[in-house]
Amino acid sequence: MAGENHTTLPEFLLLGFSDLKTLQGPLFWVVLLVYLVTLLGNSLIILLTQVSPALHSPMYFFLRQLSVVELFYTTNIVPRTLANLASPHPQAISFQGCAAQMYVFIVLGISECCLLTAMAYDRYVAICQPLHYSTLLSPRACMPMVGTSWLTGIITATTHASLIFSLPFPSHPIIPHFLCDILPVLRLASAGKHRSEISVMTATVVFIMIPFSLIVTSYIRILGAILAMASTQSRRKVFSTCSSHLLVVSLFFGTASITYIRPQAGSSVTTDRVLSLFYTVVTPMLNPIIYTLRNKDVRRALQHLVKRQSPLP
C-alpha cells in the first residue's frame, strides 16, 4: 500500500557533517570552544545587567532577555551537533525529539526578532523622544513587550511544528543537516508540502521582513535626529549608543534573510549547513562580545564586578 511507505516514523537520521569526515574533528573543537565562549559571554551579560545599578535601564533589560534567548538557543542545538561531530556516522533523532528541537528553535528565533525590534524602539525613544522615555519605556511597558515576543514565538512555533510534523514522511527519512531546521525537514515530506511552504514563506515575510522594516524605520528617524544635532561630539556619542545594536541586527537578519529568503534553486546542502552553523553557533557568541567591547557602561560594570571579587592586597 502507498500509505505504508509514508507513516509517522519514530526517528529521523541527521546527516550532520558525516560526509565531510576530514573536517569533523577540527570542527568539533571549534564548535565546542565557541559554545563555551557563548555560555560564558551571555551568562556574564545576564549577571552584569542584574547586579549593576548602572545597567538597570530598559535597554539593558532587553539585552538581558536577548542573552537568555541566546543561551537557550545554542543549548537547544549545539550539544547534539557536538555529538554528531564526534561520531563518524549520521546520528538518529526521534520523531518527537526532532519536533521538539524545531519547536524550540522557532520559538527562540522569533522571540529574538521581536526583542531586536524592541531594542530598536528603545533607541528611537531615547534619542528622538527623550522627555517621554520614562513613560513610554516604563517597566509596565517593557514587560508586555518581552511577553509579546515570547508569545509570538510560541504561537508561530506551535502552528509551524504541528503543520510540518503532520505531513507524511518517507520510510527512511535522512535530513542533510545537523539540526531539524524547517526547510530541510519540509523537503522530506511528499504530500501537503506546497501548503506548508506557503505557510513558511508567509511567516518568513512577517517575522523577518516586518521586524526588520520596523528597525530600519526607527534608525531612519534616529539618523534624522543625529543629523539635526549641531555638535559633532553629540552625534558621535549618540551613534555609539546604537552601533552595537546595529551590528547585532545586521548579523542576525543578514544570515536569516540569506538562509530563508534566497532562491532555493541556487542553494546547496553544504552552503545551507555553513550558513546555519554561523547563525546558530557563531552569532550567539558574537553578540555579548559586541556589547561588551563596544559599550562603555557594560565595560565599567564588568571592571567594577572584577574589583569587587578580587581579594584586597
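The backbone N, Cα and C atoms fix where each Cβ goes, and this holds for glycine too.
According to TrEMBL, the feature transmembrane segment maps to 27-49 (among others).
What TrEMBL records for 41-291 is domain 'G-protein coupled receptors family 1 profile'.
Taken from TrEMBL, the feature transmembrane segment covers 61-82 (among others).
Here TrEMBL flags 102-121 (among others) as transmembrane segment.
Sequence-distant contacts of the transmembrane segment (142-165) (same chain, at least 6 residues past either end, Cβ-Cβ under 8 Å): 8, 58, 61-62, 65, 95, 98-99, 102-111, 114-115, 118, 121, 182, 185-186, 189, 195-196, 199-200, 203, 207. Here TrEMBL flags 142-165 (among others) as transmembrane segment.
Sequence annotations record features per position, and here TrEMBL assigns transmembrane segment to 205-230 (among others).
Annotation source TrEMBL lists transmembrane segment at 242-262 (among others).
Summarising the annotation, TrEMBL assigns transmembrane segment to 274-293 (among others). Outside the transmembrane segment (274-293) by six or more residues, the chain places 31, 34-35, 37-38, 41-42, 44-45, 63, 66-67, 70, 73-74, 77-78, 81, 177-179, 181, 244, 247-248, 251-252, 255-256, 258-259, 299, 302 with a CB less than 8 A from a CB of the stretch.
Same-chain neighbours of the transmembrane segment (102-121): 59, 62-63, 65-66, 69-70, 72-73, 76-77, 142, 145-146, 148-150, 152-154, 156-158, 160-161, 164-165, 179-182, 185, 207-208, 211, 214-215, 218-219, 245, 248-249, 252-253, 256, counting only residues six or more beyond its ends whose CB sits under 8 Å from a CB of the stretch. Here the transmembrane segment (61-82) has Cβ contacts under 8 Å with residues 14, 16, 28, 31-32, 35, 38-39, 42-43, 45-46, 49-50, 91, 93, 101, 104-105, 108-109, 111-112, 115-116, 118-119, 122, 142, 145-146, 149, 178-179, 280-281, 284, 287-288, 291 of the same chain, all six or more residues outside its ends. Here the domain 'G-protein coupled receptors family 1 profile' (41-291) has a mean pLDDT of 85 out of 100.
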